[in-house]
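Quick look at what TrEMBL lists:
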DOMAIN    15-390  domain 'Major facilitator superfamily (MFS) profile'
TRANSMEM  16-38  transmembrane segment
TRANSMEM  50-72  transmembrane segment
TRANSMEM  84-105  transmembrane segment
TRANSMEM  111-132  transmembrane segment
TRANSMEM  139-161  transmembrane segment
TRANSMEM  167-189  transmembrane segment
TRANSMEM  210-234  transmembrane segment
TRANSMEM  246-263  transmembrane segment
TRANSMEM  275-293  transmembrane segment
TRANSMEM  299-317  transmembrane segment
TRANSMEM  329-354  transmembrane segment
TRANSMEM  366-387  transmembrane segment
Amino acid sequence: MSNQPASATNSPRYSLLALALGAFGIGMTEFVPIGLLPQIAEHFSVSIPAAGWVVSVYALGVLVGVPIMTVVGSRLNRRTMLAGLMVLYAVGNLVTALAPSFGFLLGGRVLASFTHGAFFGIGAIVAAQLVGPAQRSGAIAMMFTGLTLANLVGVPAGAWIGAVAGWQATFAVMVALGLLAAGALWVLIPRLAPPAGFSFKGELRSAARPQVIMAMLVTLLGFGGVFAAITYLAPMLHAEAGVSESGMTLMLALLGVGMVVGNSLGGRLADRHQIATAVAGLLGLILALGSLAFTMHSYWAAAVSVLLIGGFGFLIVPPLQARVLDQAAAAPTLASALNIGAFNIGNAVAAWAAGATLSLGWGYASAAWVGVGLSALGLVVLLVSVASKRGAAPEPEPAVAAGQELRTA
């Protein structure tokens, strides 16, 4: 057995690039319906708010899939688990592309979503193991760079493919991408064994600690604000600013630019100032979301708001994920995956809440204000969490053999 961060043949950088490729594919699947929502609604003859369930059921499926995939993953080495998840991802997208009905499409989305929480949860742990403690947030951010690049390149490309060849073609491309990522992970990830003495009850106890729960709640609310606005971004800008499909492609690219820059800065800053980075990111996100309610009538003004939403939204991702790993250090596998689920349940709640305001006839600005409210609540929970931890005695860590996480098989 070896405790080295990476194998002799695979450097940490190549392993992290393989994780980033998988993250790119999953991020594209998660976000690409935002640009295809009007097409999907028209194809299946459903309303825009109803089509929003394409986003919501994916997020709900992530949460449901976390405990299932965590148990499955406890018996497999990390390389096999990560590559297998990408194969499942490809199957889910194939079902979506071939869906004969809206209900069938939702089923394909749920199947693909089962990979999400486990991939990012296990991937974040593997990324942190591949480098020294001082570079942990940076390594996690490098994996999440794939997610942000999905928004910069993948989502606009998916929207363009959908406009040219139909939304089904976009999902077909993601099938191929999933198989490519599975191969890269199999070749480049060290054969890290599952944790020795894995105990689901121990993992559950660790994830149920008050500080871990509060950290996940910050994730759910804080990042949820992003999806309240961007889920309905395409119909919002089409209705309020007359943005065409080609114009929407550029808007989604700007969202991706913001996400790439924000994620990179968040990874660098969080290694030194974790809480300050999260607080600053949430404050900036609140202001950016609020600005969209006023700028959505002008293409270029809205573009600035969208850029800032992407930037501040992903500035908070590395510190929030690292905070959960810190608070559940003795048994991080389930907590890490559940925090990815928290990102997505926040997306589902936000998309549902924003859709409800649209159904009530409150106008597209209401979606931005829902986002403001959610992110503001996330900031409040973060501040309460930090204050309560400073004034409390240290919580005992559950006795789980997490120190064996780095074993290779």
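Numbers here mean position along the shown chain, with the first residue as 1.
Just so it is clear, glycine is given a Cβ too, placed from its N, Cα and C backbone atoms.
Unlike curated entries, TrEMBL annotations are predicted automatically.
Three or more CB pairs closer than 8 A are found between the transmembrane segment (84-105) and the transmembrane segment (16-38), so contact between the two stretches is assigned (pairs 6 or more residues apart).
Confidence for the domain 'Major facilitator superfamily (MFS) profile' (15-390), expressed as mean pLDDT, is 87.
Just going by CB pairs under 8 A, the stretch in 16-38, 167-189, 210-234, 246-263 that sits most against the transmembrane segment (139-161) is 16-38. Same-chain neighbours of the transmembrane segment (366-387): 211, 214-215, 217-229, 231-232, 236, 275, 278-279, 282-283, 285-286, 289-290, 292-293, 296, 346, 349-350, 353-354, 357-358, counting only residues six or more beyond its ends whose CB sits under 8 Å from a CB of the stretch. A Cβ distance under 8 Å defines the sequence-distant neighbours of the transmembrane segment (246-263), meaning residues of its chain 6+ beyond its ends; these are 34-35, 141, 144-145, 147-153, 155-156, 159-160, 163, 230, 233-234, 237-238, 281, 299, 302-303, 306-315, 317-318.
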